[in-house]
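TrEMBL annotations:
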type	residues	note
DOMAIN	35-89	domain 'Transporter-associated'
REGION	91-121	region 'Disordered'
COMPBIAS	94-106	compositional bias 'Acidic residues'
COMPBIAS	107-121	compositional bias 'Basic and acidic residues'
Amino acid sequence: MVTLEDVVEEIVGEIFYENDSKKEIQKKIGYIVMRAEGVYDVDANTSIYLPSEDLNIKMPEEHQYETVFGFLCEGFGYIPKAGESIKVVLERDNQDDDDDDDDDKHDEDGSNHQDVKASNI
């Protein structure tokens with residue numbers, strides 16, 4: 001059964017109510033929590049666009065998924081089991097840098113990429 005709320009949320013995005021708790025909101029939209037320098041917990045339900053915004057990395061643009069878990073499933077080629085991990089190389093997003101000195105934007109090998117270890121926990 002499809003409700004009017006389902007239709008509206010497809011058009012405008014998730015609808016939150018004033019009585020929704022922080023936990024309920026996180027369950028709906030996911031979250032990113034920094035655990036250590038360069039180490040993040042990202043909820044599987046998180047929109048695929050949120051890591052791009054929060055972590056300054058470019059996520060693949062032509063995809064058939066909407067969540068981080070969908071990204072992981074495509075990377076693995078199947079639904080990963082708990083504890084499985086995969087290495088993914090993503091491009092850094094340096095759109096906020098307007099200067100012409102690109103030396104600090106690149107790795108030692110001159111690349112503009114970020115290695116990401118993604119684990120299903």
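From the backbone N, Cα and C atoms, a Cβ is placed for every residue, glycine too.
Bear in mind that the values here come from a model prediction, so they are computed numbers and not experimental data.
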Counts by DSSP class (helix H/G/I, strand E/B, coil) across the domain 'Transporter-associated' (35-89): 16 helix, 15 strand, 24 coil
Predicted model, mean pLDDT over the domain 'Transporter-associated' (35-89): 84
